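According to Swiss-Prot:
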COMPBIAS  247-263  compositional bias 'Low complexity'
CARBOHYD  ASN89  N-linked glycosylation site
CARBOHYD  ASN445  N-linked glycosylation site
REGION    1-29  region 'Disordered'
REGION    235-263  region 'Disordered'
REGION    586-607  region 'Disordered'
TRANSMEM  41-61  transmembrane segment
TRANSMEM  119-139  transmembrane segment
TRANSMEM  151-170  transmembrane segment
TRANSMEM  188-208  transmembrane segment
TRANSMEM  274-294  transmembrane segment
TRANSMEM  307-327  transmembrane segment
TRANSMEM  379-399  transmembrane segment
TRANSMEM  415-435  transmembrane segment
TRANSMEM  450-470  transmembrane segment
TRANSMEM  485-507  transmembrane segment
TRANSMEM  519-541  transmembrane segment
TRANSMEM  550-570  transmembrane segment
Amino acid sequence: MTVAPPSPNSPAAELQQRPPRYPGEDTTPTSKREIWGWYAYGIAAEVFAVCGVGSFLPLTLEQLAREQGTFKSSHLPCVGPGSPSTSVNGTAPAMLRRDEAENDQCVVGLLGLNINTASFAMYTFSLAVLVQALTLISFSALADYENNRKTLLLAFGFIGSATSMLFVFIAPPIFVLGALLVVIGVTCLGSSFVVLNSFLPVLVANDPSIEKASKPAEELHPMSPDGEYIHPRDSFSASDAESGPHPAAEAGSGTSSGPASPELQLSTRISSKGVGLGYCAAVLVQILSISLLFTLSKTSISKVSGTLPLRFVLLLVGIWWFSFTMVTRKWLRARPGPPLNTANTGGQVKRWRVWLRLVGFAWKSLWKTVKIAVQLREVLVFLAAWFLLSDAMATVSGTAILFARTELKMSTTLVGLLSITATLSGMAGAFLWPVVSRRFGLKSNHTIMLCIALFEIIPLYGMLAYIPVFKKWGVIGLQQPWEIFPLAIVHGVVSGGLSSYCRSFFGLLIPPGSEAAFYALYAATDKGSSVIGPAIVGMLIDATGQVRSGFFFIAPLILMPIPLIWIVNAEKGRREGVAMAQRLEKGHETEMSEQTEEAEGLLARGI
């Protein structure tokens, strides 16, 4: 729906900070209700990210495949009658079973190959993030225009929640359909967060607490569906880049030591709180999930299938995601962008042609964004670092859950407690890192580097088990289940800091007026890289039969972004972004002038 601007006599109009930049722009001051609408979606989807993707989905996929799999050497079923791990009554519930076949791989046949059941989960998530990257590229750039921002957010939220709920119908014989649901759910999750991120600069820009310069805003104009500008789209005047360093440049490695801008401070505060609230919701649902698992273990349900209790948990997660998405639907304003012309001058365009044109526009818009980004050194360096860092984060998360389940032989209940530990730590980290950063005067990139250094502890500690003396002891190096819990605290604290700081730090470098397009590039970089790590670890598992071998890949991967983050200069990046906006504006003005002169020449010749 189209959101009408406030009437001139309304209280909201009196608080309006700036005039609209294009016809139909909603410049209503951001309200607390609207911010809570933004928070609500994080509360909704973070539950699926943590409880689903982060813990129970990998376990469910692995267990579904395991119940159809056989041991590689003996060819006996991994679960069920005749299995070495089967209990006296012929069943082996997933939440209670500890495999006795210590030195044999459980494999499942797929496409003519025997795949380790743990690798099956890793490969599924690699495919999921690949599809996710293609999807968000195709749709998220459209969020800058009309009401697409909110429409896409709700569509991804409702479809994603449905996939989680549908898991209750996935039995072991159709475990491949479970992989399909994972691909759809993960795709919707990541794509929706991209659109959610694009709301953040808009909410900050319209917040009453942000003081605006007393100058007229540049008008934003429509863009044609073929990706060409009808008129320059820019929100900053030329004086922005000529006025010297931007005050927001507190987070770089340059010489600036000035305070952060009000916009960056507010953006970081909202972002950090959003991450923290999401973690709070995830902890609550995780506790409910463990309670549900424990209750079902006392019934005959777990004897029907070892995955059935897990599938009930995913049903609960899907219901939660759907419910809070409804809150976002009610409270978050659409904040429409400039119009995107889809009509043909010859008449009504067929619907499928309109969508093809829009998807083509999205890819063309991304390509234009890439061409702009490669001219912005600080953006390019940060994206290179983010490519490596996001791959490391995704790989560690997936590997840790499967490591706990297959190497440490932890029950599903203990894995759930492990996830709660990491989530609580992540919640603390989201609120703690801004305090630490202010207390010690750390710039944003220095805070990110500190998080990365702590993150490196995880794979290094896991590799200690290869040292003969520790291996002989049977402890140290993640050889005992209790050892993984302190590392879960480290993982949570680090992830909480990286999630909020990387998102807000990148927002500082974005050319004004291109928030959704650049956050699409940010997410495409994230998801594009996250295809690589899990797939490589999956191949290592297939080759060695051990999840632990993945640490040899993860350890150097985590360290590689540090020098890149160090050299990012936020002050310079902000100036480059504003200067790029000016060049684009001048280029579009020249193009429009040439088109006008050509038209006048044709008219003069009577054509």
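Backbone N, Cα and C atoms are what each Cβ position is placed from, and that goes for glycine too.
Three or more CB pairs closer than 8 A are found between the transmembrane segment (415-435) and the transmembrane segment (274-294), so contact between the two stretches is assigned (pairs 6 or more residues apart). Using the rule of three or more Cβ pairs under 8 Å, pairs at least 6 apart in sequence, the transmembrane segment (379-399) is in contact with the transmembrane segment (550-570).
Within the chain, the transmembrane segment (519-541) has long-range Cβ neighbours (under 8 A, six or more residues past its boundaries) at 116, 118-119, 122-123, 125-127, 129-130, 132-133, 136-137, 140-141, 143, 190-191, 193-194, 197-198, 366, 369-370, 373, 383, 386-388, 390-392, 394-395, 398-399, 503, 506-507, 510, 547, 549-550, 552-554, 557. All protein chains considered, the CB of ASN445 (N-linked glycosylation site) has 24 other CB atoms within 10 Å. Of the candidate ranges 41-61, 119-139, 307-327, 41-61 has the most C-beta pairs within less than 8 angstroms of the transmembrane segment (274-294). With a threshold of 8 Å between CB atoms, the same-chain residues lying at least 6 positions outside the transmembrane segment (307-327) that come near it are 37, 40-41, 43-45, 47-48, 51-52, 56-57, 59-60, 63-64, 67, 93-95, 154, 157-158, 160-172, 281, 285, 288-289, 292-293, 296-297, 301, 412. Long-range contacts of the transmembrane segment (450-470) within the same chain, counting only residues at least 6 positions beyond its ends with a Cβ under 8 Å from a Cβ of the stretch, are 389, 392-393, 396, 400, 403, 433, 442, 476-479, 483, 487, 490-491, 493-494, 497-498, 501, 548, 551-552, 554-555, 558-559, 561-562, 565.
For the transmembrane segment (119-139), the list of distant contacts is 53, 58, 61-62, 65, 108, 110, 152, 179, 182-183, 185-187, 189-191, 194, 359, 362-363, 366, 394, 398-399, 402, 520, 523-524, 527-528, 530-532, 534-535, 537-539, 541-542: same-chain residues at least six beyond its ends, Cβ to Cβ under 8 Å. Same-chain residues lying 6 or more positions outside the transmembrane segment (550-570) and placing a CB less than 8 Å from one of its CB atoms are 248-254, 378, 381-382, 384-386, 388-389, 391-392, 395-396, 399, 403, 443-445, 448-449, 452-453, 455-456, 458-460, 462-463, 505, 508-509, 533, 536-537, 540-541.
DSSP classifies ASN445 (N-linked glycosylation site) as helix under the three-state reduction.
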